[in-house]
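A.B. asks: Supplied in structure tokens, the structure appears directly below.
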Amino acid sequence: MKILSAEQTRAADQATIQAANIRSDQLMERAATAFSEWLINHLSQNAASEVHLFCGPGNNGGDGLAVARQLHLSGYAVHVWLLPAATHSPDFIINRQRLPTAVPCVELVSKKFPTLAPRSIIVDALFGTGLSRPLEGLAAEVVQHLNSSETAVFAIDLPSGLFADAPQPPDSPVVRAQHTVGFELPKLAYLLPQNAQLVGTWEVLPIGLNKEFIHNAPVENYFVDTNFLVGRLPKRPKFAHKGTFGHALLLAGSFGKIGAAVLAARACLHGGVGLLTVRTPAVGYIILQTAVPEAMALTDPASDFITELPDLKSYAAVGIGPGLGQDPATVEVLRQLLQQAHEASLPLILDADALNLLGTHRELLDQLPPNTLLTPHPKEFERLTERAHNDYHRLELLRAFCRRHTCYCVLKGAYTALGTPEGLLYFNSTGNPGMGTGGSGDVLTGLLLALRADQRLSPLDAALLGIFAHGHAGDLAAQQTGEAGLIASDIVRFIGPALAGLER
Ligand SMILES: NC(=O)C1=CN([C@@H]2O[C@H](COP(=O)(O)OP(=O)(O)OC[C@H]3O[C@@H](n4cnc5c(N)ncnc54)[C@H](OP(=O)(O)O)[C@@H]3O)[C@@H](O)[C@H]2O)[C@@H](O)CC1
Ligand SMILES: [K+]
């Protein structure tokens with residue numbers, strides 16, 4: 001799915017009205033109906049005494065008024081609270097007039113806000129995508145009042161006070177919603193850790209926005225769900241042999257961290273690689289041969305760290321990093337790898353200590369072969385770039401980094417973001433908090449290595465599929481283990497089913 005800017009969302013609104021030959025209040029009615037149906041379904045599972053709708057002066061408030069009417073007609077006890085304003089949008093006015101007189105509708109007055117019973121619920125329809133500045137004055141007081149009540153808040157489109165696609169000044173008032181219901185497409189604001197406590201859980205409901213407009217809208221951000229990946233993972237051909245899926249080389253492990261090599265190797269094999277050779281220091285030989293008999297072991301002459309780069313000519317892709325350690329000899333291995341992979345146009349994946357080594361030897365960044373895939377978590381990313389002021393700034397750093405180094409970079413987190421050499425960002429939709437566990441990143445590296453070795457996949461598709469399947473495998477595993485009980489080996493076990501679900 002594309003992620004539109006606030007401005008593009010307004011344009012999509014207009015395009016829909018024109019193409020479908022409907023009035024804007026009819027589109028608002030669609031949005032309100034979608035929200036009301038969702039809320040009624042929610043209320044049927046959670047008895048609430050009454051619904052308080054807080055409505056602002058624009059179309060977000062108009063949505064709220066239409067929802068109030070619909071809930072009233074469905075037999076719910078509703079109260080409408082209006083934020084006073086000098087002007088109102090035309091569709092607000094239409095829906096104000098349509099509100100049945102039986103619905104109590106009162107203008108908010110400073111310091112005389114309603115008492116909200118914990119068992120009632122609040123619908124936040126103060127401001128949506130039209131927010132033009134941080135809230136202050138009465139609007140800010142109302143937000144504080146809502147946030148200090150113990151009543152659950154359901155936001156229409158955005159928690160009021162939150163910009164759809166830009167950061168807030170610190171401490172500006174924003175509604176803290178339990179759940180946010182948007183329309184058609186997700187907003188960038190939903191996906192950032194700094195907004196998690198404000199947006200709550202979220203979903204988007206279809207309202208028939210014009211498909212052609214969305215198709216043609218130029219965007220920089222995408223949300224990757226199952227539909228987005230349809231057709232990207234080809235079925236394995238009947239007459240395939242292990243050469244078809246590539247021979248991968250994994251450089252991983254050091255004394256005390258051979259487990260990282262084992263996890264990455266298992267993930268690579270379950271990811272469908274044809275052949276896998278693993279380079280570990282000598283100390284890893286027996287562990288690897290025992291734990292992962294499917295992989296070939298090519299041990300380093302040194303006992304505890306990798307000190308020599310093997311000959312690269314048989315490999316389709318190389319991954320380096322899990323449990324690698326940061327020995328000076330290993331830096332040289334990385335340096336040679338970058339150089340030789342560049343000359344041979346060999347796909348590379350860099351993770352964990354390989355990234356930390358890049359961070360301490362930044363001159364190596366300029367030697368990254370084009371289309372190299374890096375998989376840092378935010379701290380590792382900071383070592384490669386600079387400290388971000390906020391999540392939006394971090395995303396801009398990611399865009400700039402990928403453009404500058406012509407690379408793909410996976411910024412790991414709740415909605416893992418993949419940056420591309422073109423400066424586009426793809427946000428992943430799968431995964432769960434249980435995956436924040438040791439070895440989870442090693443599994444991702446192994447899986448991505450398998451997909452990069454598969455000659456049929458573009459670098460972009462390999463990365464998108466790998467990130468999605470990793471999260472999905474974690475979700476499948478968590479159904480059995482629970483989130484707390486999830487360990488990295490559980491993710492490995494479900495890579496196969498996760499990939500099978502994506503096959504064309
Ligand atoms: N596009 C879609 O797909 C669909 C959109 N729909 C709905 O429309 C919503 C967007 O509506 P919208 O554009 O009217 O903006 P909205 O958020 O109601 O606020 C604008 C008003 O607030 C005011 N205002 C702004 N900032 C302020 C501040 N800090 N403090 C005080 N006032 C402030 C601003 O006035 P001004 O900035 O001119 O002073 C103006 O009066 C969207 O979120 C969704 O719910 C659906 O109905 C149909 C499908
Ligand atoms: K809102």
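Cβ atoms here come from the backbone N, Cα and C positions, even for glycine.
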A.B. asks: For the AMP site, TrEMBL lists Lys412, Gly413, Ala414, Tyr415, Thr416; sort out which one of Gly438, Gly439, Gly441 goes with them.
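C.D. replies: AMP site check in TrEMBL: besides Lys412, Gly413, Ala414, Tyr415, Thr416, the record includes Gly441 out of Gly438, Gly439, Gly441.
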A.B. asks: Would you identify which residue of Asn46, Asn59, Asn60, Asn227 TrEMBL lists as part of the K(+) site it also attributes to Asp124, Ser160?
C.D. replies: Asn60
A.B. asks: Grab the pLDDT values for the domain 'YjeF N-terminal' (9-215) and give me their mean, rounded.
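C.D. replies: Averaged over the domain 'YjeF N-terminal' (9-215), per-residue pLDDT gives 96.
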A.B. asks: Within 10 Å of each Cβ, count the other Cβ atoms, then let me know which of the binding-site residues Asn60, Thr129, Ser132, Thr416 comes out lowest.
C.D. replies: Ser132
A.B. asks: Work through the binding-site residues one by one (Ser160, Ala414, Thr416, Gly441) and name whichever has its CA nearest to the CA of Gly62 ((6S)-NADPHX binding site).
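C.D. replies: Nearest candidate: Ser160.
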A.B. asks: Using Cβ-Cβ distances, find the residues under 8 Å from His377 ((6S)-NADPHX binding site) that belong to the same chain and are at least 6 apart in sequence, listing them in sequence order.
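C.D. replies: Sequence-distant Cβ neighbours: Leu411, Lys412, Gly413, Gly441.
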A.B. asks: Does any of Asn59, His377, Gly413, Tyr415 have a Cβ within less than 6 Å of an atom of ligand 2? These are the binding-site residues; tell me which, or none.
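C.D. replies: Passing the 6 Å Cβ check against ligand 2: none.
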A.B. asks: For Asp124 (K(+) binding site), name the DSSP secondary structure in the helix/strand/coil scheme.
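C.D. replies: Asp124 (K(+) binding site) sits in a strand per DSSP.
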